[in-house]
Amino acid sequence: MLTRLKAKSERKLAKQICKVVLDHFEKQYSKELGDTWNTVRDILISPSCWQYAILLNRFNYSFELEKDLHLKGYHTLFQGSLPYYPKSMKCYLSRTPDRMPSERHQIGILKKYYLLNAASLLPVLALELRDGEKVLDLCSAPGGKSIALLQCAYPGYLHCNEHDSLRLRWLRQTLESFIPQPLVNVIKVSELDGREMGDAQPEMFDKVLVDAPCSNDRSWLFSSDSQKAACRISQRRNLPVLQVELLRSAIKALRPGGLLVYSTCTLSKAENQDVISEILNSYTNIMPVDIKEMARTCSQDFTFAPTGQECGLLVIPDKGKAWGPMYVAKLKKSWTM
């Protein structure tokens, strides 16, 4: 009976895969990833294989929930092997595609956990947030990375920006659901075009996260409207221009000596390595930061594809490690004379 139900739900999901997008991916990613693309594709088109990590909320910590996760065979992400891994961040993974139910938003009650793609914690950890620092999350909605940043440290000031008004509402609700009122007072939420932030707040921040608008391969594959999908394929060519402009703005907003992390949830080289190469080629005061060590220490939980960059990592979905796609690059703004 269960097998029949599973087969039925997989058939239903298969129908929703947009052939226009899949064909486009086939062409591009078989060239960029080679034979690896076959495994990646099989996972991307099978949501029943997707995994969900559970990020515990330290502001409403539940010992019972943690105990329950242990009993169910969940294990902690990284298991303390990263050089920078704050004790206050607790994220649990299951080896199987188990999914906890999402908690309902209730005004005045903080949620106990946040469900996420575990790879999306890599950009947060790469930022190495310390207590008291001024942080900018330039493209902040739906808010998962801001929530994760606050599990790591208590910033002196956190600026969450989101240009899209619908997504901004989602961001505000996420912050409300996870962050206690006293801490909300050090968070500013704005609706600026991210490309204007550098001029509005020059050299203001110690750390900047640019989780850029991107193709978002997972959700895009399930666009049911072929016409819209074809339109998005042509718009996709313009995304690297926007991403470079957002990074230029972020660089202006970053103080000398500060760190910048760029991330996307696409496999696309044009939106990942090429964007970072353009930035590195056009600034003399922006330096790549080697994060190969992060890939080495995380290989137990994630599968990485080569990027050809010391400062860039690409997590690709794999059997039993169905995390990603997630590209992460780390840069530093040097002091100029």
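Cβ coordinates are placed from backbone N, Cα and C, and glycine is handled just like the others.
What TrEMBL says about a protein is an automatic prediction, not a curated fact.
Sequence annotations record features per position, and here TrEMBL assigns domain 'SAM-dependent MTase RsmB/NOP-type' to 44-334.
Note: Ala141 (S-adenosyl-L-methionine binding site) has non-local neighbours Glu162, Asp164, Arg167, Leu168, Trp170, Leu171, Thr174, i.e. same-chain residues 6+ apart with C-beta under 8 A of its own C-beta. Marked as S-adenosyl-L-methionine binding site by TrEMBL: Cys139, Ser140, Ala141, Pro142, Gly143, Gly144, Lys145, Glu162, Asp193, Asp211.
Annotation comment: TrEMBL describes Cys265 as active site, nucleophile. Neighbour density for Cys265 (active site, nucleophile): within 10 A of its CB lie 22 other CB atoms from the protein chains shown.
Residues Cys139, Ser140, Ala141, Pro142, Gly143, Gly144, Lys145, Glu162, Asp193, Asp211 are recorded as binding S-adenosyl-L-methionine; their most distant pair of Cα atoms lies 20 Å apart.
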